[in-house]
Amino acid sequence: MDLHQSPTARLLQKWCSHESPFGCRRHYNSRKKLKLIRVIGLVMGLVAVSTVPFSISAFTETDSQSNRGEASDMSGPRVAQGHRQRTLLDLNDKIRDYTPQPPASQEDQAENSTEHTQGDYPKDIFSLEERRKGAIILHVIGMIYMFIALAIVCDEFFVPSLTVITEKLGISDDVAGATFMAAGGSAPELFTSLIGVFIAHSNVGIGTIVGSAVFNILFVIGMCALFSREILNLTWWPLFRDVSFYIVDLLMLITFFLDNVIMWWESLLLLTAYFAYVVFMKFNVQVERWVKQMISRNNVIKVTVPEAQAKSPTAGDKDGPTLPSKPRLQRGGSSASLHNSLMRNSIFQLMIHTLDPLAEELGSYGKLKYYDTMTEEGRFREKASILHKIAKKKCQVDENERQNGAANHVEKIELPNSTSTEVEMTPSSEASEPVQNGNLSHNIEAADAPKATETAEEEDDQPLSLSWPTNTRKQATFLIVFPIVFPLWITLPDVRKPASRKFFPITFFGSITWIAVFSYLMVWWAHQVGETIGISEEIMGLTILAAGTSIPDLITSVIVARKGLGDMAVSSSVGSNIFDITVGLPLPWLLYTIIHRFSPVTVSSNGLFCAIVLLFIMLLFVILSIALCKWRMNKILGFIMFGLYFVFLVVSVLLEDKVLVCPVSI
């Protein structure tokens, strides 16, 4: 038997006879492990490959059913209809062809399924063949142009008119931020949902709102974490507050989606959840204060500045806590409650939250002579500019403190603030002493603060101007946006002008009209793009439309995060979606049921249902990721958010195209 063995086998047997049993056993175990790895890899490869024929067989079965229907009637329109069904993965088409029992409450919708498939859009000047040969580029450019138009009309006209309305009605900042200002930031999504229900007769509105929600949670937070100038510490209360409401709203939405239809009372329940959030925001400060008093580690600490201590050259306890070398622009883990509605109500995308990142440390910033005439946005930008000056001057102040010693004189300036605290600001001086406020030690040159605030007033709070810019890049941008801005400037009064302030109703209703027109064109051209390249409106809503309508939120959140306001950026990303889920979706549904004699709305889309479930799962992953990053917005958190967003897009598209089958069937 030894004669028939190969030389390699004889050499191995000889080596094992001379080596210790352990050496031979190690060699045998390594071969065994390699064999196990190969088997596992083979099984995984078979599983991955098996998904392809399963998906192909599903499409083949669908096509065979449609082909059998075509064989009975080979007329031209029937063939064209079958061709549309193969290129557009629209669930309504498939239900029309082979679903045996449509919902009884939607009989009128089933009779007009052809119109619902195409939507109530005007006839395109380009045929499908011409669009496939290159004319679709014009539709893509027009769709992007509508993204810019929606951002401009909301930014320059709609939100300022809402600010005037809240001031006229005397609504508190918290309630205004959760109602009027939330509507201003989410107007594109709301009108897209209305168009999807009444004009497109598709789920494009649901896809846009769900995709926008994931974009705000994952992509926006990821961008804020990557582009912030420093690692930002986050606090738990704003995130806990908004996530709690958002989880309840998502669970309600998932439950209502289970039977493929939305009843009128289900829409009403979602709207009721929104009003509950508004009521909570009315008492947000009191609730937060009570909750943190119940939790010993987060007790609210009130810091007061004695008059004598503030003016004393040697004021300050050397053993007491001092401010870090660079003042933080967000709340730390042990900081007190910092809610200030003026800080929150200034930027329209962030109007749902009440956060004053420096109320504990800085109190208020000084009442300027033009403070009462400024809009909420101008007040925020003014304060943000002062904060920026404080951060820039801190290092110089510390150096002057060590070299020059005591201050000659301290000037007290009182400013309006919900916390009713005071701040000491020192005028310009070569030798100055810092004012110490518990853990605060700041020295600000008085000459710089007016300059900063005047600059913020001049640049950010001025009415819209159509003057020709001097910079070449700005001139090119001006030419691009001029066809949008000029009609708005002609038809809508700018309420930021004192003389036009009384015309705020015209601006309000006119802005709504323009938003409706821009949203209609955006959805129409997105439908044409999807029809040309062969994807459904639901996928367009989940991807392109969701990102396009959320660009203003992205830009504002990144700017706020770069200023150091990490809490405001993160909590707004979660809280801004509450309006979309509890108003943007149920309001069009409720209007539809009322108009159609309380008949339910069909939302039969297995891909979108799983997308909503994925949205809920991604929200849990966001909370877990923030906790694992120790409540800090760093680069790792940013890359995690980007990875989760990519996974959501891929899985959602595969589910909507039936390449993957949702494990939860409806």
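Cβ coordinates are placed from backbone N, Cα and C, and glycine is handled just like the others.
Topology check against Swiss-Prot: F126 and V661 fall in the same compartment relative to the membrane. Residue annotated by Swiss-Prot as N-linked glycosylation site (from the set N112, N417): N112.
Scored on C-beta pairs under 8 angstroms, the neighbour of the transmembrane segment (503-523) with the top count among 180-200, 206-226, 608-628 is 180-200. Note: the stretches the transmembrane segment (180-200) and the transmembrane segment (636-656) are not in contact (fewer than 3 CB pairs below 8 A, sequence gap of 6 or more). If you look at the transmembrane segment (539-559) against the transmembrane segment (206-226), you find at least three C-beta pairs under 8 angstroms, all six or more positions apart, and that counts as contact. Distant neighbours of the transmembrane segment (575-595): 178, 182-183, 185-186, 189-190, 193-194, 196-198, 205-206, 209, 212-213, 216-217, 238, 242, 245-246, 249-250, 253, 262-264, 266-268, 270-271, 273-274, 277, 349-350, 352-353, 553, 601; these residues of the same chain sit at least 6 beyond its ends, with a Cβ under 8 Å from one of its Cβ atoms.
Proximity of distant same-chain residues to the transmembrane segment (608-628), defined by a Cβ-Cβ separation under 8 Å and at least 6 residues beyond the stretch ends, is recorded for 203, 206-207, 210-211, 213-214, 217-218, 221, 234, 239, 243, 246-247, 250-251, 253-254, 257, 538, 542, 570, 574, 637, 640-641, 644, 648, 651-652, 655-656, 662, 664, 666. Among 134-154, 206-226, 238-258, 206-226 has the largest number of CB pairs under 8 A with the transmembrane segment (636-656). Packing against the transmembrane segment (238-258) from elsewhere in the chain are residues 266, 269-270, 273, 276-277, 280, 284, 288, 352-353, 355, 567-568, 570-571, 574-575, 577-578, 581-582, 585, 603, 608-609, 612-613, 615-616, 619, 623, 626, 666: each is 6 or more residues past its ends and has a CB under 8 Å from a CB in it.
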